[in-house]
Ligand SMILES: [Fe+2]
């Protein structure tokens with residue numbers, strides 16, 4: 001998936017879209033077939049919808065955008081639109097709604113998909129034949145939006161699997177092994193770079209438009225903070241000492257009685273973690289996961305550092321100092337392959353640090369894409385020149401200080417979503433998502449000076 005999408009013939013685009021729709025559906029089916037009927041309809045956590053709600057909601061959004069809007073076809077099930085409108089019912093209330101059961105849900109999403117494939121067969125992608133909905137159909141944007149929507153819900157369903165109690169039902173091979181790092185930190189020279197995008201055809205509204213941003217020189221961790229690093233903070237009394245926490249963070253830690261990352265436990269002095277039903281010894285060289293923004297912020301302060309801003313994160317991930325260009329990904333413009341990043345539920349955990357040397361940025365920062373979402377210090381805000389499109393509820397209604405930006409995608413994020421420009425956001429208290437962090441710090445004058453002599 002790349003901006004060369006616009007070079008494809010209408011037939012090539014049709015084939016590409018068909019493959020993406022098929023891939024996302026295969027994943028949805030895998031995640032929902034893995035559990036029995038009880039587990040499909042049950043709410044595994046107040047934070048999550050029942051899996052069967054996500055499943056029918058995926059079909060309903062696909063019907064609204066592709067069958068009715070793009071296809072101009074008659075509604076299949078207008079009566080259920082309200083039930084599956086995420087803005088009508090908070091997650092906690094969804095189990096009490098008269099939802100479609102598993103059998104009805106499967107029949108509904110299949111029927112929608114059959115109609116969508118027919119729409120796809122007939123839709124005109126040729127620029128000269130595009131009518132009023134030109135923008136929605138141009139480069140198959142609406143299809144891209146819907147396949148990303150399904151993959152994003154698949155990641156949410158994967159998080160529900162992590163919260164589900166009982167024996168493991170998902171399996172995947174282990175990620176590649178780690179390696180010793182050339183250096184724990186990377187100096188980033190700063191300067192003006194192009195942030196965001198105006199050319200990625202399937203980029204969503206909050207990633208647009210591309211705009212120049214000035215970043216001061218800074219230093220960033222080569223890789224995310226590991227379980228081993230974080231354990232030292234836990235054992236050093238980090239959760240008991242208010243000096244490391246922001247006011248809001250300290251209030252939350254006390255109210256929620258946090259003492260360690262979610263899914264960690266200590267038995268007879270040994271640390272364990274629960275991962276998709278497997279209880280295993282805490283792997284010290286794997287990035288720490290299931291920490292909230294406040295925990296990330298506190299660790300960074302304890303370590304004498306801070307979290308990177310979103311601008312710094314993207315500069316470290318995309319800027320190529322030798323050409324002055326902003327790349328699509330840390331490793332270049334090529335779409336992610338298994339050698340670059342841990343994405344797409346290929347593995348059911350983050351990889352140990354150092355596992356992806358081929359995914360390094362030109363400056364040598366690693367594992368920026370995949371493994372886990374990284375908390376940044378930034379609130380979720382629109383870029384200059386932002387335009388809400390194609391609907392306000394994707395981003396516009398979420399902008400403001402309530403949400404913190406996460407970047408990079410996790411092992412549960414699909415490559416169709418994990419662009420170098422993709423922005424995720426969540427409340428600073430959330431821990432059920434596949435999120436961790438890396439630290440940054442201001443560059444010291446002597447570091448800036450040494451770099452200048454070097455250049
Ligand atoms: Fe949704």
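Cβ atoms are placed via backbone N, Cα and C, with glycine included.
What TrEMBL says about this one:
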type: BINDING; residues: 57, 149, 153; note: Fe cation binding site
type: BINDING; residues: 91, 92, 93, 94, 426, 430; note: gamma-L-glutamyl-L-cysteine binding site
type: DOMAIN; residues: 20-157; note: domain 'DinB-like'
type: DOMAIN; residues: 185-441; note: domain 'Sulfatase-modifying factor enzyme-like'
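A sphere of 10 angstroms centred on the C-beta of residue 149 (Fe cation binding site) encloses 19 other C-beta atoms. When averaged over the domain 'DinB-like' (20-157), pLDDT in the model lands at 93. Of all Cβ atoms in the protein chains displayed, 21 besides its own lie within 10 Å of the Cβ of residue 426 (gamma-L-glutamyl-L-cysteine binding site). The DSSP secondary structure for residue 426 (gamma-L-glutamyl-L-cysteine binding site) is strand. Residue pair residue 153 (Fe cation binding site) / residue 93 (gamma-L-glutamyl-L-cysteine binding site) shows a Cα separation of 18 Å. Long-range Cβ contacts of residue 91 (gamma-L-glutamyl-L-cysteine binding site) within its own chain (separation 6+, distance under 8 Å): 46, 47, 48, 49. If you take the Cα of residue 430 (gamma-L-glutamyl-L-cysteine binding site) and the Cα of residue 149 (Fe cation binding site), they are about 21 angstrom apart, rounded to a whole number.
The local packing around residue 94 (gamma-L-glutamyl-L-cysteine binding site), expressed as other Cβ atoms within 10 Å of its Cβ over all shown chains, amounts to 21. The two recorded residues, residue 94 (gamma-L-glutamyl-L-cysteine binding site) and residue 149 (Fe cation binding site), have Cα atoms 19 Å apart.
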